[in-house]
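Enquirer: Have a look at this one before I ask anything.
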Amino acid sequence: MFSLKQNSWFIRKVVIWRAVASIAWSVLLLPVTTAVFVLLSRFSLFHPIQWISDCTSLLAASSTIFSLVVLCGVVLITGFFNLEFYTLVPSIPCSRMALLGTVLHPRQCVHSLVYCTMGMLVMWCASVTIGGRYSTLGTTCRQSESGEVVTCLNEYHLFILLAGAFMGYSHSFLGVVQNMYYVSFQPIQQYKYPRFKGCLPMVVKCSVIQALYSARNFAAFYFFFGYAPKTWISSTLNLQIDSSLQPLDSLTGLLDLSLLYHLSISGTFLYLTWYLTVLLFRIYVTEAYSFPVQSTFTEDAEQSLPKVLAEKNTLVMKFLALQDLALLSQHSLSRRLEVFSLSQPGGHAHNWNAISRECLSLLSELTQRLVAHQDAVASNGRVKSQSASSDTRSASSSSSVVSGTEDIAETPRLSVPLRTPGSVFKSSVGGANSALTAPFTPDVDSPFSSPAIRRLVGQQDPQSPCFGTVQSPHIMRRGPKPWSASTESQSSGSPPASPATVPSPPAASQKPSFLAQWLQNRREQLPEASSQALFADSQAHIWALQGLSHLVAASFSEDQFGVVQTTLPNILSCLVVLLEAVDRHFKLPHASSKPVRTICSMGDSTYKTLRFLLRAVLKTTIYKITTTFGEHLNAVNISTEHRKRLQQFLEFKD
């Protein structure tokens, strides 16, 4: 119980306070961004003195102060959503149907509704700040027939409010499509201020570009569908429509340069408020943290690096520990010596054994995952869903006596459970969704949960197109198309037979219905996305490789007790096996294709190149070890095949 309390305090200190600090800085930046927005909204080229005077008085007005209070509430809600939805393993839908299901998920719908509301609140603050014809929803007008003064609907104010809701939904939608809640760690560590300063121009640029796109799209939307909300709101609030003014749902009404300008700068202010909160959250959460290699006191043992590497509650702590391992292995001699030290009394290498065991476990899990994926692709052309696989097993078991079919031998089942950074979610204390860990562990049932996350927690979504198994004892051999599947066999659940040996049924029975064909096309896996999802959590493996390589290389001159020599054969064998699995994966179709560049967005797309970075780091790791030990590797007890592969690195032929 005491250990759990210490660990919960440690998590709260490291993660929650970082999130609170990022929100606090976002709130402190609000007056600055608001002042810039006021200057731009009241810009007057020919009356600069009056422009400055009006802006100064407006910044001190009570309406502006109230707007700042509302904006602070928006920032707080945005910071809460960042903390609730952020993930260290991106969600990569492997089919169009999976992406559609993510967008239409009830949790995502609530997320979109909240952001639509926040968008309207920010745009209301912007319209009040701009003033003039945008200030209120109702305005006085005179009826053309009777000349009576009545309250009419201010369509300009309504236009700005609806634009805020539209931009809020666009932000929520792009958050899913572009993985905006994915938090990646920087390969080169920087202090918070230099990193923020370097990213600020990119954030401003993305805000402007996204605001212009949203303004264009909303103008087109309002042109076709603006009459319906305008009529409904006017009738609900008992407001008249001023017929003397040009309606905004017309071409001449939308070609108002002043309206488009204020819409663009208001949208930029809206996106900049959200993007700055996201940027600061990423900077604070991914800041490097130094863990003690060995604790001086017993009550601090749970905070030591070997213990946190085996963290079973939060993935972010696991990633921070692996990041710290990679940094200490390169830049800290004193901490490396602690890793190589022996326990007193007893003389055991507990630190090195725990660290190397966790790193090798990560790399072995990745190797098994790649081998399983390659077996599935080689035997069946694609990773099948659970329903299709179960149907195939049952159908092939009953029809294995049919002549002309060729069975492929069963792929051996894994005898040990896979252990990755995400298996930490199965906590023995409190569970993965306990109150302690809920803000930091991804929800496997959320729309942001990817197949990689479900692998980490030991679960897989039966309905996910990425779900598959390679333990089917009777997977039938497919035709030459490696990334497609027979529509009829997938929809019926029966294994496809060899076309050369099994007579074809009538054409009418072979042709699927239009609906079945459409659903199958939507469920078809995207090979590029499948490869990305396979390496979605590879940042942990990259750090494990870097930590192992530098520690092993440093042990050649710094390991006084020879603790690394006991595990060197296992390390070399693990690296070679992983390299062979990675090389085979890159020979698969589309696995080595470079991802296309996207327009400027706040979505982090670094996960798309993780597999290329992993392969480069893996080869660098082996080269570093072989060049350090040289011919001494001939005395290491490894298999002949692995020795031949290492010899290629010694001769710089790989």
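Placed from the backbone N, Cα and C atoms, the Cβ positions cover glycine too.
Sharing the features that TrEMBL gives for it:
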type     : residues : note
COMPBIAS : 385-403  : compositional bias 'Low complexity'
COMPBIAS : 484-495  : compositional bias 'Low complexity'
COMPBIAS : 496-506  : compositional bias 'Pro residues'
REGION   : 381-420  : region 'Disordered'
REGION   : 457-510  : region 'Disordered'
TRANSMEM : 20-45    : transmembrane segment
TRANSMEM : 65-89    : transmembrane segment
TRANSMEM : 110-130  : transmembrane segment
TRANSMEM : 156-181  : transmembrane segment
TRANSMEM : 202-225  : transmembrane segment
TRANSMEM : 259-281  : transmembrane segment
Enquirer: Counting CB pairs under 8 Å, which listed stretch among 20-45, 65-89, 110-130, 202-225, 259-281 touches the transmembrane segment (156-181) the most?
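Expert: Of the candidates 20-45, 65-89, 110-130, 202-225, 259-281, 110-130 scores highest.
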Enquirer: Could you pull out which residues elsewhere in the chain have a CB under 8 Å from any CB of the transmembrane segment (110-130), counting only those six or more residues past its ends?
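Expert: Tertiary neighbours of the transmembrane segment (110-130) are 34, 37-38, 41-42, 58, 63-64, 67, 70-71, 73-74, 77-78, 81, 85, 157, 160-169, 171-173, 175, 262, 266, 269-270, 273.
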Enquirer: In terms of Cβ proximity under 8 Å, which residues at least six beyond the ends of the transmembrane segment (20-45) contact it?
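Expert: Counting only partners 6 or more residues beyond its ends, the transmembrane segment (20-45) has Cβ contacts under 8 Å with 51, 54-55, 58-59, 64, 67-68, 71-72, 75-76, 78-79, 82, 126, 129-130, 262, 265-266, 269, 272-273, 276-277, 280-281, 283-285.
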